[in-house]
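Here's what Swiss-Prot has on this protein:
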- HIS105, HIS106, HIS170: Cu(2+) A binding site (BINDING)
- HIS240, HIS242, MET312: Cu(2+) B binding site (BINDING)
- ARG430, TYR550, ARG602: protein binding site (BINDING)
- 3-394: region 'Peptidylglycine alpha-hydroxylating monooxygenase' (REGION)
- 735-755: region 'Disordered' (REGION)
- 837-875: region 'Disordered' (REGION)
- 516-561: repeat 'NHL 2' (REPEAT)
- 569-613: repeat 'NHL 3' (REPEAT)
- 40-763: topological domain 'Intragranular' (TOPO_DOM)
- 788-875: topological domain 'Cytoplasmic' (TOPO_DOM)
- 764-787: transmembrane segment (TRANSMEM)
Amino acid sequence: MDMASLISSLLVLFLIFQNSCYCFRSPLSVFKRYEESTRSLSNDCLGTTRPVMSPGSSDYTLDIRMPGVTPTESDTYLCKSYRLPVDDEAYVVDYRPHANMDTAHHMLLFGCNVPSSTDDYWDCSAGTCNDKSSIMYAWAKNAPPTKLPEGVGFQVGGKSGSRYFVLQVHYGDVKAFQDKHKDCTGVTVRITPEKQPLIAGIYLSMSLNTVVPPGQEVVNSDIACLYNRPTIHPFAYRVHTHQLGQVVSGFRVRHGKWTLIGRQSPQLPQAFYPVEHPLEISPGDIIATRCLFTGKGRMSATYIGGTAKDEMCNLYIMYYMDAAHATSYMTCVQTGNPKLFENIPEIANVPIPVSPDMMMMMMMGHGHHHTEAEAETNTALQQPKREEEEVLNQDVHLEEDTDWPGVNLKVGQVSGLALDPKNNLVIFHRGDHVWDENSFDRNFVYQQRGIGPIQESTILVVDPNTSKVLKSTGQNLFFLPHGLTIDRDGNYWVTDVALHQVFKVGAEKETPLLVLGRAFQPGSDRKHFCQPTDVAVDPITGNFFVADGYCNSRIMQFSPNGMFIMQWGEETSSNLPRPGQFRIPHSLTMISDQGQLCVADRENGRIQCFHAKTGEFVKQIKHQEFGREVFAVSYAPGGVLYAVNGKPYYGDSTPVQGFMLNFSNGDILDTFIPARKNFEMPHDIAAGDDGTVYVGDAHANAVWKFSPSKAEHRSVKKAGIEVEEITETEIFETHMRSRPKTNESVGQQTQEKPSVVQESSAGVSFVLIITLLIIPVVVLIAIAIFIRWRKVRMYGGDIGHKSESSSGGILGKLRGKGSGGLNLGTFFATHKGYSRKGFDRLSTEGSDQEKDDDDDGSDSEEEYSAPPIPPVSSS
C-alpha cells in the first residue's frame, strides 16, 4: 500500500508540474504572441499598421487608422498614435483619406514627439501631445485627397522632425453606431527618405472668442496677424466652421493692398483647395481672415466650441518654404483691427451658395437633428470645450535647452535681446564696460567718458540652434548699451543710457540711420532723453515708441523719420501707483494685432498696457509672484506674454524667474528658471513664434534658451524630496470609460511588458487549472478502486478497515489534511504567476528603468522595426 501511495503522489506531482508548464508559458513566447496580435488592425478594418514598400522605389506608405472603435456618445474625440517606423529624416509627400462624413465629422493628423497617452487609443480630452504639436493634415465632409507639389514634403524624423503621428477623429452623431460596427477612419501617408528642397507647413488662422447672436443675419469674425518669418508660398487652403458658417476668406495685406489667398463655403467638402493665384507672404505682410456667419434660426447665442452646436472659424493655409529656414506650423488667433477690415474686399461678405440637396446631405451626414430647445438648453448649460483643431490648450512648460551652447558665450553685461526676421538671436551687450555706482553723478551725467566707447562689437547676431556668431557690429559706438528692438525690415533700434540717445542702425550698416537725443545731455523736453531704456516699433504705421526711462517716467511716440508725435506718463506719487504712472518704464513690447503697447513698469512690479495710438490706459497685469520688480516683457503671436522679474529684496522670498502669461486675462500659465547657472539680474527677454524664449542677464553675463516641453514630467521639490507631478495621468484615468489595450509603440515596452505577460498567462491558466484539477482526481479514484479490487481478490472482506484508511490517506493528502501531504491550494496560491487575483502583484519601483534579468530586450524591439529602406541612388 505504501508503494501505491508513493506512486500516486509521484503521479500527482507529475501532473501538477505538467499543469504549470501549460499555464505559465515563457514570457518571451507570450510577448511574441502579443506583438503579433498588435501588428494588424481590427478584423473589421482593412489595411496594416506596418509600412508597405512601393515597388521600384524607396518610398513607403503607412496606414494611420483608428483600431476598430465604437463611440458611445455624440461629439466624441478619439486619438491614436503611430510611431514613425524609422528614426532618420524623411518626408511625407502624399495623403489619402479613408473616411466618410456619415461616420466622422472630421479628422486631423498631428505630428509630435510625445503623444499624450500610451494607450491603443484614448479620449482626446486628455490631450493630443505632451510636447509641441503641429497639424499635418485635416479632413472633413468627404473631402478628396490632397496632393502636394513636386519637391515639397512635410519633414518627419531626424533631429527636427516629428517622430509620432497622432490621429484625431471627431465622431459627431453616435446614431451612426447603432449597429455597433467598429470604425477604422484614418489616412494613408506616403513617406520618402529622399530629401525635399521645399518643406511644407500649415498656417492656422482661427478665432477664439466669436459670438453669433441669435437671429442676427450677418456676423463677421475677423482675424489678422503680422507675418514676420521667412517668406512662405501658399499652395492650398482649407476652411472650417460648423452649421452657421457661410463663407471663409483669407487674404494677404501688403501696403494696404488685399490679395485673395482662398475663399470657400465651409458647407462644401472641407478639402485643401488650390490657392486662387500663386503668391508669396513675406515679412511685414498681414494675413487676414474673415468668417461670415448667420444667426438665423438660432434661439440662443452660439459660441466657439468643440461640439456640433458650437461654432468655429478656422482657415488652414498649406505652404512651402525653403528648407534652410523652414517652420512647419504657425498660428494666428488675434482679433482683427476693425479699421484694417474696413478695406476688406466686398467678396468676403458674399456667401457662397450651396444647393438645398447638398445642404441636406451635409446636415444628415453630421447628424444635426437637435431641436432649438435642446440647442438653447445645452448652449446655456454647457461650457463649450475647444476643438483640438485649435491646438492651444496644451499643457506647455518652458525648460532650459541644456544642449544649447549659447549660455557660454563670452559677452559683457547683456542688456538687450531680440529676434531678427530670419529668427536669428541678436544680443546687445556692454563688452568691458560696467554700469555701477560710479557711472553717473546725481544729475544723471555720465562720468566715465574718458575711457571711450566700447571697442568690441556690441551687437551680435547668433544662430539660434548652434549659438555660432553669424555677424557682429556696433564697435566704437556705444558707452552703456541698454534696450534692443528689431523692426520688420531688420533694422536695430537701440538705446544708450550713458549717451541718453536712441539709435536706428541698419543691419548691414556701420553708421546709424537715425539718432535721437543729445549725446551725454540728459533732459526732459522733446529733444532730450534721460537714460532711455527701450524702443518698440509699430509694424503697421512705422511709428516708434521710446521708454524714457530711469529719470523721466514717460513714453514718447515718434514718426518713422523721428518727428515727435505725443507722450504720456508721470512719476509714481505714492505706494499705490495709478494707471499711467511709472517708476522706471524699463521694457516695451508691441501687441500689434491689438493695437496696444505694453510696458514693464519695473519698480512698481507690474505690466501696463495702453492703446498705442492714443496712450489711453487699457489694463495692468500684476501678481504677487512678480515680487517688487518686473524687468522685461515680450509678446509672441498666439496671445502669450513673457516676462522676467528682479531679485527679491532683503527679507522677501519671491524667487527670480520667468513668467508665461495669458495676454487676454493676465493669468500666469507657467514659470521657468534655468537649469545651468542661476538668474542674477535677468534684464531682457525675447520670445519667438515657435514658443522658444531667450533671457539675457546683466549680472551673470549670460543668455539662456528655453524651449517648450511636456509639463506632466516637470518635477517639484517639497521638503527636499522630488515629487513627480502626475496630474495628466489622473486625467487619463478619469476620462477613459474603458481602458483599451496598451500600445507599446510609445516607448514603454519595459514598463508594460510584465503586465502583458501576466494577463496572458492568467487568461490561459484558468481553464487549464480547472481541467487539470479534475483529471488527477479521476485518475486517483480509478487507482484507489483498482487497488481495492486487487486487495479484495487477495484478502477478501477482512481488509475493509485497511482499505478505508488507505483511501482516506490518499484523498486526505489531496485535501491537504495529511501531515506532510501536498496541499494543492497552497501550492497554486504561492506558485509564481498565480495568486488569489490571478497573477502576482507587479513591482512599481524602478519599472521605468529596469528590465527583467531574463530579457535582454532584443525581442521587445521586433514590433517597431521596419523593413530597411533602400538607399537613395547617388545618380
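Cβ atoms are placed via backbone N, Cα and C, with glycine included.
Pairwise Cα distances among ARG430, TYR550, ARG602, the recorded protein-binding residues, top out at 21 Å. With DSSP states grouped into helix (H, G, I), strand (E, B) and coil, the repeat 'NHL 3' (569-613) comes out at 6 helix, 23 strand, 16 coil. ARG430 (protein binding site) sits 55 Å from HIS242 (Cu(2+) B binding site), taking the CA atoms of both as reference points.
You'll find the Cα of HIS106 (Cu(2+) A binding site) roughly 48 Å from the Cα of ARG602 (protein binding site). For the pair HIS242 (Cu(2+) B binding site) and ARG602 (protein binding site), the Cα-Cα distance reads 46 Å. Spacing of ARG602 (protein binding site) relative to HIS105 (Cu(2+) A binding site) is 50 Å (Cα to Cα, whole number). Of all the binding-site residues listed here (HIS105, HIS170, TYR550), HIS105 has the Cα closest to the Cα of HIS240 (Cu(2+) B binding site). Cα to Cα, HIS170 (Cu(2+) A binding site) and MET312 (Cu(2+) B binding site) are separated by 14 Å.
Taken residue by residue with DSSP, HIS170 (Cu(2+) A binding site) is part of a strand.
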